[in-house]
Amino acid sequence: MSRVQTVLGSITPNLLGRTLTHEHVALDFEHFYKPPPADFENELRQKIKMSTLGYVRLYPYSSRENLRFNDEEALEAVRQDVLLYKKHGGGAIVENSTYGLKPNLEFIVDLAKTTGVHFIAGTGHYIHATQDATHRNLTVEQMTDMYSKDILTGIDVNGRIVKCGFIGEVASVYPVQEFERHALLAAGEIQEVLGCGVSLHPHRVSKAPFEIMRLYLEAGGRANKCVMSHLDRTIFDMDELLEFAKLGCYLQYDLFGTESSYYQLNATVDMISDGQRIENIMKLINEGLVDRLLMSHDIHTKHRLTSYGGHGYHHIHMNILPRMFQRGVTLEQVEQMTVTNPANWLSFNA
């Protein structure tokens, strides 16, 4: 019988409800700090407030406070937003913070207990540059053992055994570093054995998703249990995206709510808007790919939380889905993307 492994235990897939497949509720993102423009340095060093919020929205990675997504203020703001998500019909959140991002399993478990939202935690490794010395020299065999234990045996969290429910996000740069290659191979090997879902994070060039899918597939991983994240900032050409879709993985648009065209982590491209995300998803639906589409926000900075003037985890449900309905997307298609596809991806033995 198929099951989904949440941080509070296994459940049947039909209990998930509408699911956000790529989010963070606690992590350390300070590795990605970018020095601010000299003229705005003072504003971006201050606490986030109305008089500085405009600067933070344009240069989110130049505010260290914005990147501290694990301090007391951030955790309380996250809690309030998860409650809003639940209030507006949210059922589950897939937490993608892995080794290198300092995930907080204790907080995730507490959120699951106190909000009624199902949380699925991931195992795996983020990019090489975020790892400490104890992880950087791990072999493929050591990684497979680690991921397997996190899923099958679980992790002791204050005396409670918490099991991870998927592998991800497994992240890499381009070209893929040796450490990252090990993580991709380990993910493919474990997926083949356990039948779990996998989520991959490509670098910010269009060739990257092709390269990491090749490594994952060569290791034995199944394409139909793999999600390619961040396609809305990676593959902009529809013909190239359709070519990539032939590999058979889930196609995820997971930066909903990011409306600034200036993308600080890759200034050579213009970030697309929510309207363009909807347009692209509709094109993919028309190509017969509705059963492989996923949507999320990838919230990982304070300024995207409602307490800091952001959109929160309920943005897709309250703002995006109504716009999709207005443009002709059917309820059946929305349910496929937000309920059925996440459940199929997260289900073991499916």
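The backbone N, Cα and C atoms fix where each Cβ goes, glycine too.
Here's what Swiss-Prot has on this protein:
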- H22, H24, E169, D298: divalent metal cation 1 binding site (BINDING)
- E169, H201, H230: divalent metal cation 2 binding site (BINDING)
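Note: the divalent metal cation 1 site is recorded as H22, H24, E169, D298; in the same chain, E23, V94, N96, S97, S199, H201, S229, D254, S296, I299, H300 also have Cβ atoms within 8 Å of that site's Cβ centroid. Considering only the binding-site residues H24, E169, D298, the residues lying within 10 A of H201 (divalent metal cation 2 binding site) on a C-alpha to C-alpha basis are E169. Neighbour list (D298 (divalent metal cation 1 binding site), Cβ cut-off 8 Å, at least 6 residues apart, same chain): H22, E23, H24, N96, S229, H230, D254, L255. Look at H22 (divalent metal cation 1 binding site): DSSP puts it in a strand. Around H201 (divalent metal cation 2 binding site), taking its Cβ as the centre, 27 other Cβ atoms fall within 10 Å, counting all chains. Per-site Cβ counts within 10 Å over the binding-site residues H22, H24, H230 peak at H22.
Within 8 Å of the centroid defined by the CB atoms of E169, H201, H230, the record's divalent metal cation 2 site, lie the Cβ atoms of H22, N96, G168, V170, A171, S199, L200, P202, S229, D254, D298, excluding the listed residues themselves. Under a cutoff of 8 A between CB atoms, and with a sequence separation of 6+ in the same chain, the neighbours of E169 (divalent metal cation 1 binding site) are H22, N96, T98, G122, G124, Y126, S199, L200, H201, S229.
The DSSP secondary structure for H201 (divalent metal cation 2 binding site) is strand.
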